[in-house]
Amino acid sequence: WEFNGSFYQPSAFLMMGIPGLEALHPWISIPFCALYLTALLGNCVILFIVRKTPSLHEPMYYFLSMLAVTDLGLALCTLPTTLGLFWFDVRSIGFDACLAQMYFIHILSFIESSVLLAMAFDRFIAISHPLRHPAILTKTTVLKIGLAIVLRGMVSLLPIPFLLKRLTYCGRTELSHSFCFHPDIMNLACADIKVNVFYGMIILLSTVGMDFIFIVLSYVLIIRTVVSLTTKEECLKALNTCVSHICAVLVFFIPMIGLSMIHRFGKNVPPLVNTLVAYTYLIIPPALNPVIYSIKSTHIREALLRALCRKRG
């Protein structure tokens, strides 16, 4: 412990694995390794395919590349501490290291939310204004959107580590997960955390909350456009281009909303449920997104098959 008058700050936090199943951690690590491997390889393949295939150099696949980079970052943020705990029972994480991990996890989560919104906007323009799509979403515009997304996440979350740093901690140092999460750290403090709660809620609602609302609005407008199409084949073709994105949105937002609600209002929720929702939120989307897009996107699938055939040849 570091002591400075009445100010206490732990030198480290203790991470937790899956409650009640500590003896099975080596076995539980097997599916986690599979998910991490899928996330790392799958997203790297997506990036490689988009980069090497000129026909995929268009806004939809630029945004998909941003999503893949974000998913890689999320996987790499939690992989060392999660597998370190499951394999070697390394539970301790330094206070500053924990704040750094928490900052990057939340930044990447906010970036993923914004990228999903950008992809929804791309689908709306492509379906509602197909002739104007290339003129609206140029390479320069896509780059500006990407930079704005990154800056938005970095700036909006910058105060969070400093707000946690100013708190006094005492007693408990056990985190609920094998990674650092803002509400989890905040609830270990024995000081007034009203500012942290208020700021965290405002930022969450004004970023991820607004992203979700605009994604829903985009699909309302897309459905209006699709309904106005003359033939059933055109309707199905237009909707089929959105299936992968809708799956990615559901896979990301449902666990995120669930975890946020549990940390803020779920005092009586069993620890096992809290842990499973947290792992679902941070590990499942990075692993599933490349699989979803590889299966549902004909262009990605064909480019992947061509790359494999060239290697065999």
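We count from 1, first residue shown onward.
Using the three backbone atoms N, Cα and C, a Cβ is placed for every residue, glycine included.
Here the structure is a predicted model, which means the values were calculated and not measured.
Taken verbatim from TrEMBL:
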DOMAIN    42-293  domain 'G-protein coupled receptors family 1 profile'
TRANSMEM  24-50  transmembrane segment
TRANSMEM  62-88  transmembrane segment
TRANSMEM  100-121  transmembrane segment
TRANSMEM  142-164  transmembrane segment
TRANSMEM  197-222  transmembrane segment
TRANSMEM  243-264  transmembrane segment
TRANSMEM  276-295  transmembrane segment
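Between the transmembrane segment (276-295) and the transmembrane segment (197-222), fewer than three CB pairs separated by 6 or more residues in sequence fall under 8 Å, so the two stretches do not touch.
Sequence-distant contacts of the transmembrane segment (142-164), counting only residues of its own chain at least 6 positions beyond either end whose CB sits under 8 Å from a CB of the stretch, comprise 59, 62-63, 66, 99-100, 102-103, 106-108, 110-111, 114-115, 118, 182, 185-186, 189, 195-196, 199-200, 203, 206-207. Scored on C-beta pairs under 8 angstroms, the neighbour of the transmembrane segment (62-88) with the top count among 24-50, 100-121, 197-222, 243-264 is 24-50. If you count C-beta pairs under 8 angstroms between the transmembrane segment (243-264) and each of 24-50, 100-121, 197-222, the highest count goes to 100-121. Regional average pLDDT for the domain 'G-protein coupled receptors family 1 profile' (42-293) in the model is 91.
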